[in-house]
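Following: one structure in structure tokens, then a few remarks.
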Amino acid sequence: MFPPVQGPASNDAAVRSTDSDALVSRYSAARLGYLSDNYSHHFLSSQQRRSTERRPPLINIGTHARTWAVDNLVEQFLDLHATTDDADSARCQVLSLGAGTDSRFWRFRNQWQQLRRDRAWPCAKWVEVDFAAATATKARTVSSKPELKELLGGNIKIERGGLGISSPLYALVPGDLRQLPDLAAYLVPGASSAPSAPPPLDPSKPTLLLLECVLVYLEPGITDALLDWFCGMFSAPGNAIVTYDPFGLDDQFGIVMRRNLALRSLSLPGADETPTLASLSERLKLAGARGPGGAMTIKQIRDEVIPIEELQRIAKIEQIDEVEELNLVLEHYAVSWANVAPSKTNGGPGHEEDSLQIGLRRRDAA
């Protein structure tokens with residue numbers, strides 16, 4: 001059913017290894033209480049389970065802020081499209097490219113079941129895409145863990161020789177983002193080389209494109225093609241894009257960072273295209289996102305967005321002495337977002353035409 005586990009065979013393995021780093025960081029943050037994540041541990045390899053150590057406070061704090069910000073935007077998107085019934089027309093979609101071992105689907109599904117019983121789950125399909133080597137491992141894990149399987153909506157199918165999963169609510173698709181025509185054929189209907197199985201995405205539904213630490217590893221032309229494709233293919237009101245990436249790496253911090261990554265056979269071909277914070281949101285506008293958008297550094301998000309009560313809570317978990325180093329790192333990572341098109345109202349009194357839009361909001365503007 002599943003392909004054999006294979007060792008690294010190309011430079012792509014170096015990029016995949018960054019997901020392992022992120023997984024261990026999420027697990028560390030969750031274990032200490034920074035995050036509520038009851039699912040990441042399922043994706044740890046046996047070697048990671050034996051060797052996983054607590055991450056430094058700097059990493060845990062950064063992981064918390066990054067996760068909080070992206071979660072906040074995803075939650076806004078889901079809330080905007082939630083209804084009190086199961087009307088299919090009200091449902092939305094999430095497309096997560098380079099998803100790796102991300103557990104966000106399971107975390108949100110569980111949260112919705114526990115806390116949102118008055119509102120139907122709004123996501124018609126949550127689709128994750130990554131290299132085949134990554135999806136093969138994830139498919140094997142998901143299919144063998146009852147805690148993961150039970151949230152997929154039943155009728156789970158293992159596809160493409162064990163490389164993917166399809167279910168009523170979730171799909172795991174192997175694909176190379178550099179081969180967009182081939183990938184698009186499996187994601188949306190209408191491609192000339194479409195597979196026999198129905199594509200998991202409906203371009204007429206409001207869709208959120210999620211890209212976490214993905215674009216910096218792609219050549220600028222590939223990034224442009226991906227963003228252009230999304231903005232052109234998914235035209236429904238309410239479409240949105242959320243990205244997380246490092247930026248401004250032309251300073252001493254960036255030089256040291258690139259040098260360290262080179263020791264792991266990693267390069268950042270997309271970094272030079274985003275020298276400033278403004279360039280992150282401008283990239284989304286150039287791709288065709290016509291609605292409101294923005295970008296904030298992780299430091300800004302901690303300083304201006306995350307609730308004071310939440311910051312006070314996590315401050316009790318660990319003592320951090322390297323405050324200057326923490327701020328330097330957080331100033332070089334950012335979350336950007338864009339609403340692809342001006343949105344129509346979802347009905348009801350008091351709603352404005354742009355009511356179906358997401359964005360991080362400063363505490364003083366709340």
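Cβ coordinates are placed from backbone N, Cα and C, and glycine is handled just like the others.
Nobody curates TrEMBL annotations by hand; they come from automatic prediction.
Marked as S-adenosyl-L-methionine binding site by TrEMBL: Arg66, Gly98, Asp176, Leu177, Glu212. As annotated by TrEMBL, region 'Disordered' applies to 341-366.
All features noted in TrEMBL, drawn onto the structure.
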residue : record                               : Cβ within 10 Å
Arg66   : S-adenosyl-L-methionine binding site : 23
Gly98   : S-adenosyl-L-methionine binding site : 24
Asp176  : S-adenosyl-L-methionine binding site : 14
Leu177  : S-adenosyl-L-methionine binding site : 20
Glu212  : S-adenosyl-L-methionine binding site : 22
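Residue annotation for S-adenosyl-L-methionine gives Arg66, Gly98, Asp176, Leu177, Glu212. The furthest Cα pair among them is separated by 25 Å. The secondary structure of Arg66 (S-adenosyl-L-methionine binding site), as reduced to three states from DSSP, is helical.
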